[in-house]
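Here is the structure we will look at.
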Amino acid sequence: QESFIPPLPGDHAVTPPMSLPSNNMLYPKEDKENRILLYACRNCDYQQEADNSCIYVNKITHEVDELTQIIADVSQDPTLPRTEDHPCQKCGHKEAVFFQSHSARAEDAMRLYYVCTAPHCGHRWTE
């Protein structure tokens, strides 16, 4: 008797089942008459109805440079803390405002961002 290994559950994993004992992968196949998705073996007549209509996931992640998202006007925000311990590398001005990232990425969670408060500079950096 032929059996199968069901797809593994997961966030974005789409794993087609396997046909046993031949251990062949089952491929998606459309039953046009009944309008259902099947998994079928290419080496024998075995097929089964798919329990999930998703056969492929293309997850695209786009990483944005945090520094490009900071507007220079933030240096005029009176609610942000200021420091003279981190002078601007671009113009030499001593004062900068600073704040933490709002990124969901763990490596950015504690990173401090600085913006020069000198008029017409607005240089942004992180340390």
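Note: Cβ is positioned from N, Cα and C throughout, glycine not excepted.
Predicted automatically and left uncurated, TrEMBL annotations should be read as such.
Range annotated as region 'Disordered' by TrEMBL, chosen from 1-22, 45-66: 1-22. Cβ atoms within 8 Å of the centroid of the Cβ atoms of Cys88, Cys91, Cys116, Cys121 (the Zn(2+) 2 site) belong to the same-chain residues Gln89, Lys90, Gly92, His93, Ala96, Thr117, Ala118, Gly122, His123, site residues excluded.
For the recorded site, Cys121 (Zn(2+) 2 binding site), the DSSP three-state label reads coil. Secondary structure of the domain 'TFIIS-type' (84-126), assigned with DSSP and counted as helix (H, G, I), strand (E, B) and coil, comes to 3 helix, 13 strand, 27 coil.
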